[in-house]
Every structure is written in structure tokens, then in C-alpha cells.
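> According to TrEMBL, the record shows the following:
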REGION    1-73  region 'Disordered'
COMPBIAS  49-62  compositional bias 'Low complexity'
TRANSMEM  92-115  transmembrane segment
DOMAIN    99-295  domain 'Cytochrome b561'
TRANSMEM  135-154  transmembrane segment
TRANSMEM  166-187  transmembrane segment
TRANSMEM  199-224  transmembrane segment
TRANSMEM  236-258  transmembrane segment
TRANSMEM  278-299  transmembrane segment
Amino acid sequence: MAENSETFVNIHLHPRAYYDENPPSTAEDEKQPILSEQGVGKPYTVEINPTNQSEEPESSTNENEESKNLTNEAEARLDIPYRKPRYPLSHLFSATVCLIEVLGVILFIFLLAWLLNYHGGFEWDGASKEFNYHALFMFLGFVFFYSNAAVSSYSMNQKQVTSIHYFHVVSVLLTLFFTFFGFIVGLQVDKRFYSFHTWIGMVTLVLFFIQALYGLCCIFIKIPERLRQFARKFEIWLFLCVFLCAILATILGISEYINNRPGHDGSTFSFESIVTNVISLLLVVFSLLVTSVLMHPIYQKERLDR
């Protein structure tokens, strides 16, 4: 049986009752062993029927054809150059990034309308109207463009690597521009550093320049790959520290701005208070969305791949 390579062996297990009703008809069948199921006591017999290869079931033929097709496909793939697979962007991730962009624009419109309608707009008069530039520039630099530098570039098509890097660089430069001029305007109008808003703002600036120095070191200094992988993970946490401190400073600044306004005693709930509270709530939602994107495994995978 084993010597003939073209013979198929079918093994059937039958209960003892079947064996009693169908006694062996040949001497070869009588030599087959009787098996017992352990713990049950129901003996079984083994029936061996040699068949010819031409009697192969249709299912086996289909399986052989499928295996041949798979083999041919595998051989054909050898001619295709290997490309490193990308971690695909999920629909939820892309939708969250789009929501961040829309919410950032809404926040800018709300903040601009608040400064124009309730604080006289913008003028270089060395007083409150000039200080409005500080609020607007700091929001654009530390909240809007800073979050765009980290999030939006990684939501684009991964094939457009050059465009992604250009977008990232432009966002970083706009962050530096608005942050620098916003800080200068704040110093010209108010040089007091006793409020908690000012302290958080200074901490944010220090952390931001630490991150900027880190970025320059990664560009101009050759760092071992193992250390670079660790530094990339550390950069995400450093960005979160800067971004969350900026959000906190913005909310504190809005609250401080409205409370120090002449004629505002806090005893009445004005429409301006509703506007500022809505802006603060939207800032909290904005920070949560950005944090969820940065901590998402898709973002971290794309970040480490680069």
C-alpha cells in the first residue's frame, strides 16, 4: 500500500455494531486492527480501501488548481520591486484631522469677532488696541499653526513626501513669526509678570525653544539611529507639553482680559461672557482632538517611519 505512490488510502471509522453487521470478507480485512475510544468503551474498526488516482474527488482537484494558481501568483510577484508598506490612515483618523482644521478656523473667527466687537479692533496705539495683536498672534502661532505643523502634514497623501515637508516647514515658520511678534507686542504694552497666565506663557516659550533647538540638532548633527528613534518619541511628548501649556495660557489670558476690562465687575452675565466661555470650551475640545490624533498609533507609526 505504501509502495504504490498512486494509491489513495481512505480510512473510515465505524462503531462495533457496524463491524458486527458487516464481517470482514477477505483475509486482508481480518488483519486490520480494532481501535477503542479511551474512556468510552466504544470500539471502532478501520477499513482501508485502496483507490486509483484517477478516482480523486473533485474537491481535491480544485484544491490542487488553487494551490497552483497561488504558486504562479507568488512567482509573478518576485518580479515586482519590494516597497515598504505604509500604515493606512483610518477614516476616523482622517475625519478627526478635518474636524481639527474646521474647528481651528471657527476659533479664529470667534476670537477675531470678539476682539473687534468688544475691544475696539487693532491699532498701534501702545494701549489696549495694540494689545489685541498679542491675543490674536499668540493664538495663530501657538494654537493654530503649531498644531498644523504636527498634525495636518501627516494627514496628507503619503506619496507626496516633498509637499508634506514643505507644508511642515511653512507651518513652523509661521508659528515662529506670529509667536515672536505676539511676544514683542505683549512686552510693549504690559511688562508685568505676576499673573499665572504670564508664568504659563513663559514656560510655553521656553519649552518651544527647546523643541526648536532639538529640531535643529536633528537636521545638522548626525545622531545614531537608535537614539533618533527615542528622540522621535520624545518629540511627540514635548510637542504635547508645549501645545497644552499654550491652550492653558490662552484660556487664562481670555479670562484675565475680560475680568480686567474697565466697567466689568463680574456681577452680570453679559453676552461677551457667553462668547468668551464658548471660545474657551472650543479650545478645550480642540486640544482633546489634537491630543487624540498625536497619541493615535497611526500617527506614531507614520512619524517613526520618517
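Please read every residue number as a count from 1 along the shown chain.
The backbone N, Cα and C atoms fix where each Cβ goes, and this holds for glycine too.
Predicted, not measured: the structure shown is a model, and the values here were computed from it.
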> Can you give the mean pLDDT for the domain 'Cytochrome b561' (99-295), rounded to a whole number?
84
> For the transmembrane segment (92-115) and the transmembrane segment (199-224), does the number of C-beta pairs under 8 Å, pairs 6 or more apart in sequence, reach 3 or more?
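When sequence-distant Cβ pairs are counted, the transmembrane segment (199-224) does not touch the transmembrane segment (92-115), since fewer than 3 lie under 8 Å.
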> Could you tell me whether the transmembrane segment (135-154) and the transmembrane segment (236-258) have 3+ CB pairs under 8 A, leaving out pairs under 6 positions apart?
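As far as Cβ distances go (cut-off 8 Å, pairs 6 or more apart), the transmembrane segment (236-258) and the transmembrane segment (135-154) touch.
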